[in-house]
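**Q** Dumping the structure here so I can ask a few things about it.
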Amino acid sequence: MQIFVKTLTGKTITLEVESSDTIDNVKAKIQDKEGIPPDQQRLIFAGKQLEDGRTLADYNIQKESTLHLVLRLRGGMQIFVKTLTGKTITLEVESSDTIDNVKAKIQDKEGIPPDQQRLIFAGKQLEDGRTLADYNIQKESTLHLVLRLRGGMQIFVKTLTGKTITLEVESSDTIDNVKAKIQDKEGIPPDQQRLIFAGKQLEDGRTLADYNIQKESTLHLVLRLRGGMQIFVKTLTGKTITLEVESSDTIDNVKAKIQDKEGIPPDQQRLIFAGKQLEDGRTLADYNIQKESTLHLVLRLRGGF
């Protein structure tokens, strides 16, 4: 029967094979056609790397199936894995290695079972079935290893009503995960939750470890009420604009709402409250701006200073 082999360059090779051919046989045929030594070939089908001793039939590869050929570079590449204790492990890998493979190599070196490993790169937790290439992990990249402790740890979440919720979490849980756990316990949709720790609002994609939230830490849950609150903005002409906002809105957000209503670009707006000019990155809560507060809008003239 005929099968196709597609290379990373997009070239497609046609091979005459039989179901009983082993992967070794197929690699030998590719060598005959393309001159690529078998030890530099990795063949992938249906997302799985094919093992030399197995047959095409073993993998249910039928006529006109397409295999993908990835080149195994001689010597592969080195990457580093940094643990929370600060220790750095060096691994020999290839771009086509899966995250499972990498965890197995870490187990070989350090004795840590894969199911207790979480690998992070560029702020993202890496999924087992994906490859290093999928995450654009290149030579000498550094991954971060977070241990998934059996049983994790407990943290507390205190609501504005004074109620305290206990959650079972792990350091590597993201804020999204924590909000999902709160939803499971309390029925509050994640998009209505804002979590605060050490005076900072926590961002969804970050982990508890990123914020140094440890066992028995207490987070504060503020509800993002639909409709929030009203504030007023008074212009120099004496006109008053009413805005729907939330305490956690930033000054940038408020300027964008003013632009929507009045057409004034944010870079021409200066907002004043209690004699202070308000800074873009700060929130209304930072300035203790509450419902029905009045801000003053001064226009920053083009060409001004």
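Any Cβ shown, glycine's included, is placed from N, Cα and C.
Note that this is a predicted model, so its numbers are computed, not measured.
Copying in the features that Swiss-Prot gives for the protein in this structure:
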| type | residues | note |
| --- | --- | --- |
| CROSSLNK | K48 | ubiquitin cross-link |
| DOMAIN | 1-76 | domain 'Ubiquitin-like 1' |
| DOMAIN | 77-152 | domain 'Ubiquitin-like 2' |
| DOMAIN | 153-228 | domain 'Ubiquitin-like 3' |
| DOMAIN | 229-304 | domain 'Ubiquitin-like 4' |
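Tell me about the surroundings of these features in the structure.
**A** The 10 Å shell around the Cβ of K48 (ubiquitin cross-link) contains 11 further Cβ atoms across the protein chains shown.
Broken down by DSSP into helix, strand and coil, the domain 'Ubiquitin-like 2' (77-152) contains 18 helix, 28 strand, 30 coil.
According to DSSP, the domain 'Ubiquitin-like 3' (153-228) comprises 18 helix, 28 strand, 30 coil.
For the domain 'Ubiquitin-like 4' (229-304), the DSSP counts in helix, strand and coil order read 18 helix, 28 strand, 30 coil.
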**Q** Over the domain 'Ubiquitin-like 4' (229-304), what does the predicted model average in pLDDT?
**A** 87
**Q** Give the helix, strand or coil assignment DSSP yields for K48 (ubiquitin cross-link).
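**A** For K48 (ubiquitin cross-link) - judged by DSSP and reduced to three states - the answer is strand.
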